[in-house]
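These come from TrEMBL:
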type   : residues : note
DOMAIN : 50-176   : domain 'UspA'
Amino acid sequence: MASSASFLRQLSGRWANKNMCSGGGYKRSLKQIEGLNVNSGGGENGLLVMRKRVMVVVDQSSSAKHAMMWALTHVTNKGDLLTLLHIIPSPTHKGPHEKISHSSSSYLANSLGTLCKACRPEVEVEALVIQGPKLATVMSQVKKLEVSVLVLGQKKPSPLTSWLCGSSIEDFVEQCINDAECLTLGIRKQSRGMGGYLISSRWQKNFWQLA
């Protein structure tokens, strides 16, 4: 089974090749590769250690928290920046409930940031709370902040949830994977009986990672 490092190196190489062929330019491709620590050199374990920004879209769901912890333990390295992005839907009207929503959202994002910092103090963590349309906000922040890796939580929809709500959550993840200007991964934690994670990218669907 491929390790986390080799799996990410494989994906980053495919991302770089895609950028070169689609007009993204050699400089952007090189920057993406460097951000994912795939260049050999004099760094730790024979890799040239470069600072990269990893963004995770967080909310109150367990799937988002699992994705956050996976990104923290499997993607970030010492000195990297982990950005936790929490998006508040645009309100239909302003009122006291909007202030409460902002306050609870800020508390959620900051508490998750504190948890990440306690788990891995060598990784820089920041929390962003932004109001706006979810997909457009993610796309704009990826570009604005020059994100290297975007990580999104996925969960297996139940038949009842699919019937009531449709597949809007999965559609959002799929759109981000296909359209974001960085390497984007959908992460779903397996059940206790199976263990590990299922990882989806533009090139791999439900790649099983045990650890």
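Glycine is treated like the rest: Cβ placed from N, Cα and C.
Helix, strand and coil counts under DSSP for the domain 'UspA' (50-176) come to 65 helix, 26 strand, 36 coil.
In this model, the domain 'UspA' (50-176) carries an average pLDDT of 87.
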